[in-house]
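The domain 'Thiazole synthase ThiG' annotation in TrEMBL covers 3-248. Residues or ranges marked as active site, schiff-base intermediate with DXP in TrEMBL: K96. Annotation source TrEMBL lists 1-deoxy-D-xylulose 5-phosphate binding site at G157, A183, G184, N205, T206.
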Amino acid sequence: MLKIGNQTFESRFLLGTGKFPDFKIQKQAVEVSKANILTFALRRMNVFQPDQPNFLEMLDVDKYTLLPNTAGASTAEEAIRTAHLAKASGLCDMVKVEIIGDSRTLLPDPIETYKACEVLLEEGFILLPYISDDLVLAKRLEALGVHAVMPGVSPIGSGQGILNPTQLQLIIETINIPVIVDAGIGSPADAALAMSLGADGVLLNTAVSGAKDPVKMANAMRLAIQAGRLGYEAGRIDKREYAVPSSPVEGLSVSE
Ligand SMILES: CC(=O)[C@@H](O)[C@H](O)COP(=O)(O)O
């Protein structure tokens, strides 16, 4: 179970809802993913115009926890405004703080992210900030009181996978709030690796919405995330420099 704030979720797979070829495929992929939490950019919703089309309209949104993100913000002030809009629309008081500091790489701005979290925590929001794989920032945000950290493992939408597993592992080992890998996952193998390193969850979008068969990929990601978690809980063997025979000549591993 994934626990964020005082809520628990069965699935550790958080799915982004953007960029699907059409709403029908989006709905099927969401269902197959068995994700409990769906993310979306609040700026893409007609939150105060329920009669207008919006891109979650084919989903039975009551079945999911919606996690609006502040995509489009480049300052703390803009992100705070977007979070207020989310709350005012009654969507959710859980927000993914996403403040982009560089338009080419879409890397998050650590200073503006910290500032926005400071203000929004005071206002009672449940916060999941999107950050780089920066251990020190993750520690500072944890100390501030955020409810999870979401380190990107490579640039959003790049599908490059985990560029620096050591850096990710350091965050996972050190931080005591959920660490949800967010952005850059390209394949089920990447998702399984993130989970087997001990991540608490994976948020991804492009790898599913941009796949040749998004529904099949949503299923593959679900299984990979589950397998990675199981492997982590089972405890992998230590890596050794030299071979160790699987069938030792002395000493049986089972007694008769
Ligand atoms: C949906 C969302 O919030 C994205 O900004 C998220 O970071 C996913 O990134 P990928 O598209 O690289 O999976």
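Positions of Cβ are set from backbone N, Cα and C atoms, glycine also.
Projection of TrEMBL feature records onto the structure.
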| residue | record | contacts (Cβ under 8 Å, 6+ apart) |
| --- | --- | --- |
| K96 | active site, schiff-base intermediate with DXP | T39, L67, P68, N69, T70, L128, P129, Y130, M150, D182 |
| G157 | 1-deoxy-D-xylulose 5-phosphate binding site | L106, A183, N205, T206 |
| G184 | 1-deoxy-D-xylulose 5-phosphate binding site | G152, V153, S154, P155, I156, S158, G159, Q160, G161, I162, L163, D190 |
Binding-site residues (N205, T206), the one with most neighbouring Cβ atoms at 10 Å: N205
All-chain count of other Cβ atoms within 10 Å of A183 (1-deoxy-D-xylulose 5-phosphate binding site): 25
Three-class DSSP secondary structure - G157 (1-deoxy-D-xylulose 5-phosphate binding site): coil
For the 1-deoxy-D-xylulose 5-phosphate site built from G157, A183, G184, N205, T206, further residues of that chain with CB within 8 A of the site's CB center: G16, P155, I156, S158, G159, I185, L204, A207
Model confidence over the domain 'Thiazole synthase ThiG' (3-248) (mean pLDDT, whole number): 93
